Amino acid sequence: MTENDVLVRINKRLLELSKIPRINQEGSIAKRLKEKGFSRRDFMKWAGAMSAFMALPSSFAPSIAKAAELSDRLPVIWLHMAECTGCSESLLRSDTPTIDSLIFDYISLEYHETLMAAAGHQAERNLHDAIKKYKNRYILMVEGAIPTGATEHYLTIGAEGHTGKQIAQNACENAAAIFSIGTCSSFGGIQAAHPNPSNSKALSVITSKQVINVPGCPPSEKNIVGTLLHFILFGTLPALDVYNRPKWAYGLRIHDLCERRGHFDAGEFVQSFGDEGAKQGFCLYKVGCKGPYTFNNCSRERFNSHTSWPIQAGHGCIGCSEPDFWDTMGPFEEPMADRLYNTPFGIGSDAVSDKIGVGILALTAVGIAAHAAIAAMKKGDNDE
Ligand code: FSX
Ligand code: SF4
Ligand code: F3S
């Protein structure tokens, strides 16, 4: 299929969507952008950046702008399970709203426990009504892991005391698309870390429906909005990796595009926090950076309106978008080169994203081992 064929298909879909009446009647996106001080030009610039971000050709930018304009036609139900609400915060926290947060505000959010005014029985009724009214049409976004088994009742929500598992399973049943937002919902996260006293599980474990994972603790606002826009544009699943993460967002490792990569290649490492190397912005591998084993786009997109990200701030990546990272990536401030070298395709973080990843990681294992060996020799020289 050519680029043009895809665009024709997308535009047909967008035309269909535009015929669906707006769910909320609070004014168009143009009006809201204007109120927040964004010009049409800013919006189109954002759409252009978004198409590059989603690995689409620049000719898709007008369709992305249109998809954003139509994002109030698809109802969204957002559930909170066992988590810290960091995923919602990732989108909402900015004191200067970004176009991403504005779109989140604009989508037809039919149910979101942090944001809605309703409480108690009324809130439960709203959820029930939204599921019924928008059967097979709503997008379900779930944040947080789900306690199961004998400890399922560790998470009960609302006045009627249903468990998180019951609520999530029920909402999954009639959703048009299901997104696990954050590492907890995608893989279990901290709740599922050893010894996992609440038997917490990923959403995909408790439903038989297809779940798209958007991990990160928290994921960036761009990955959340991009996933939503992708669905509006295509109405189908994006290309996924072995952990069901969209490849456009999680196809590369942190290490691949890291701003400190030149220092890694040159063997220039921070040896301890606050040392001369830290001041020079050297590579954080030896103080525990797990960027070589982590698939995410933070190095490209950053957080908080593109201001910064963990490695820029001076701490290594802790692998927060990988399955079981609390158990497999620790200690967070120590490297794990030996472990990787001894078990290149072993457990947890060493089980990599996809076949290409396996190749890259194997090379990295050798590279890291070589670095470690050279560093050890240098250290030996210095010790003498
Ligand atoms: Fe928190 Fe979301 Fe981490 Fe989990 O983020 S930022 S604990 S991924 O579910 O709220
Ligand atoms: Fe960047 Fe970490 Fe890779 Fe160093 S090890 S280049 S800090 S991702
Ligand atoms: Fe997480 Fe690493 Fe990005 S810790 S936020 S995946 S830099």
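We number each residue from 1, going along the chain as drawn.
For all residues, glycine too, the Cβ spot is worked out from N, Cα and C.
Summarising the annotation, TrEMBL assigns [4Fe-4S] cluster 1 binding site to C84, C87, C184, C217. The domain 'NADH:ubiquinone oxidoreductase-like 20kDa subunit' annotation in TrEMBL covers 84-230. Summarising the annotation, TrEMBL assigns domain 'Cytochrome-c3 hydrogenase C-terminal' to 250-332. Per TrEMBL, the feature [4Fe-4S] cluster 2 binding site maps to H255, C258, C283, C289. Look at TrEMBL and you will find C298, C317, C320 tagged as [3Fe-4S] cluster binding site.
Taking a Cβ cut-off of under 6 Å from any atom of ligand 2, the binding-site residues C87, C184, C217, H255, C298, C320 reduce to H255. Cβ neighbour count for C184 ([4Fe-4S] cluster 1 binding site) (all protein chains, 10 Å cutoff from its Cβ): 29. Shown for the domain 'Cytochrome-c3 hydrogenase C-terminal' (250-332): DSSP residue counts in helix, strand and coil, namely 33 helix, 6 strand, 44 coil. C298 ([3Fe-4S] cluster binding site) has a Cβ environment of 25 other Cβ atoms inside 10 Å. Under 6 Å, Cβ to nearest atom of ligand 1: this is the test, and of the binding-site residues C84, C87, C184, C258, C320 it is passed by C84, C87, C184. Cβ proximity to the [4Fe-4S] cluster 2 site centre (mean Cβ of H255, C258, C283, C289, cutoff 8 Å) flags the following additional same-chain residues: I254, R260, R261, F264, L284, Y285, G291, P292, I311, G316, C317. Among the binding-site residues listed (C283, C298, C317, C320), C298, C317, C320 have a CB atom closer than 6 Å to some atom of ligand 3, in sequence order. Considering only the binding-site residues C217, C289, C317, the Cβ with the fewest other Cβ atoms within 10 Å is that of C217. The binding-site residues listed here are C84, C258; among them, C258 has the most other Cβ atoms within 10 Å of its own Cβ.
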